[in-house]
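Here TrEMBL flags C57, C61, C64 as [4Fe-4S] cluster binding site. Sequence annotations record features per position, and here TrEMBL assigns [2Fe-2S] cluster binding site to C101, C132, C192, R264. Sequence annotations record features per position, and here TrEMBL assigns domain 'Radical SAM core' to 42-269.
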Amino acid sequence: MTATAAPRHDWTLDEINALFALPFNDLLFKAQQIHRAHFDANAVQVSTLLSIKTGACPEDCKYCPQSGHYNTQLEKEKLLEIEKVVEQARAAKAAGASRFCMGAAWRSPRDKDLVQVEEMVRQVKALGLETCMTLGMVDGAQASRLASAGLDYYNHNLDTSPDYYGEIITTRTYSDRLETLATVREAGMKVCSGGILGMGEDAQDRSALLQQLARLSPHPESVPINMLVKVPGTPLENAEDLDPIEFIRAIGVARIMMPQSHVRLSAGREQMSESTQALAFLAGANSIFYGDKLLTTGNPQADRDRALFTKLGLHPEQRETCESTDSQATRLAQQAQQQRLNERAAELAVDAGV
Ligand code: SF4
C-alpha cells in the first residue's frame with residue numbers, strides 16, 4: 001500500500017495482525033509516512049470536552065463511573081443550563097480549542113431534553129467552534145434535529161471487538177451501536193467513533209475493533225483511541241495494565257488503516273508519560289482533548305499540554321475548511337454590503353440630479 005492509496009474498508013484480520021506484528025520501528029515509519037501524506041505532521045487538533053449531564057446512566061458499561069449500576073461516589077448533575085455550557089465553550093475557545101464536545105450520560109436523549117441540547121449546539125457554534133455531542137443512541141428523527149441545529153460531529157464509540165463486547169456492556173448490543181453510527185451518517189453529520197484499550201481484551205480483540213471501525217464507510221472522521229482509566233467502584237478498577245508499547249502499536253495501525261481520519265489520543269492521557277504521548281504523536285495520533293476534565297475523569301492541565309506541544313514543536317491545527325468557509329462568507333457579506341452602498345450612492349446621485 002502506498003502512502004496516498006485510497007482508504008480501504010476491507011481489511012482482513014490477518015492483514016491487521018501482520019501490521020501489529022511489524023517491528024516497532026517499521027510500524028512507526030509506515031504510520032508516519034501515511035500520516036505525512038495526509039496531514040501536517042506537526043499539527044494536532046484540539047478539542048475540549050464538557051459533561052453536560054453527569055451520572056445515573058442506565059447503561060452498565062463496566063469502565064464507566066457514570067453508570068448507575070456502580071457506586072463510584074460520582075456527583076450527579078442534571079442537564080446543565082445553556083448559559084453555563086456557553087460560558088465553558090467560550091473558555092475552551094480562549095484556551096485554544098477548535099472543537100467543543102458535549103457529553104450526556106443517557107441511554108438515549110429524551111425529545112424534551114433535545115430542545116435544550118439543540119440550543120446549546122446553536123449557541124456554541126455561534127462562537128465559531130466546531131460542535132460534537134455524545135448523547136447515547138439516537139434515532140433518525142433525533143439525528144436530523146441535531147444536524148439541523150448545526151451539530152458537526154456525533155460521538156458514539158464501538159468500545160471493543162464484537163466478540164469481547166458482551167464482557168463489557170450488556171444493556172445494549174454491538175449492532176445497536178452500529179445502527180446509531182449509520183443513523184448519524186445518514187443525517188449528514190461527521191462521525192467520531194473509537195474504542196478503549198486495556199479492558200482485559202486480547203490482541204485479537206484490538207485488531208477486530210480496528211477492523212470494525214475501518215469497515216465504516218466513509219471512515220469515521222475522528223477515531224478516539226482511549227486507554228482505560230481505572231476508576232474505583234467500577235468492575236474494571238483492577239484491570240491489568242496494557243503495555244504502553246501495545247497501545248502505541250494500536251495507534252500506528254489505526255493511522256495506517258484509516259489514513260484520512262483524525263486519530264485521537266483520548267482518555268488515559270493523564271496517566272501517560274510525556275514520552276508515551278510523544279510516541280503516540282509519532283505513530284500518527286493528531287488530536288487530543290485539552291482541559292481539566294475528560295467527562296468525569298482527569299485530563300492533563302491545559303498548561304502542561306501547551307508545554308508538551310512546545311517541547312515537541314507541535315501546534316494546534318487550524319480550522320482550515322471552516323475558516324476558509326467563514327472568510328468566504330465574510331467576503332460575500334462585504335461584497336453585498338458594498339453593492340448596497342453603491343446602489344444607495346447611485347440613488348442619491350440621481351436624487352441630487354448628478
Ligand atoms: S459510557 Fe456512556 S452509556 Fe455507558 S454508562 Fe457511561 S455514560 Fe452511560
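For all residues, glycine too, the Cβ spot is worked out from N, Cα and C.
These figures come from a predicted structure and were not determined experimentally.
This view paints the features noted in TrEMBL onto the structure.
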residue: C57; record: [4Fe-4S] cluster binding site; Cβ neighbours (10 Å): 21
residue: C61; record: [4Fe-4S] cluster binding site; Cβ neighbours (10 Å): 24
residue: C64; record: [4Fe-4S] cluster binding site; Cβ neighbours (10 Å): 28
residue: C101; record: [2Fe-2S] cluster binding site; Cβ neighbours (10 Å): 27
residue: C132; record: [2Fe-2S] cluster binding site; Cβ neighbours (10 Å): 24
residue: C192; record: [2Fe-2S] cluster binding site; Cβ neighbours (10 Å): 29
residue: R264; record: [2Fe-2S] cluster binding site; Cβ neighbours (10 Å): 26
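Contact annotation for binding-site residues (C57, C61, C64, C132, C192, R264) versus ligand 1: C57, C61, C64, each with CB under 6 Å from a ligand atom. Rounded to the nearest whole angstrom, the C-alpha distance between C57 ([4Fe-4S] cluster binding site) and C101 ([2Fe-2S] cluster binding site) is 18. Note on the domain 'Radical SAM core' (42-269): its mean pLDDT in the predicted model is 92.
In the three-state DSSP classification, C61 ([4Fe-4S] cluster binding site) falls within coil.
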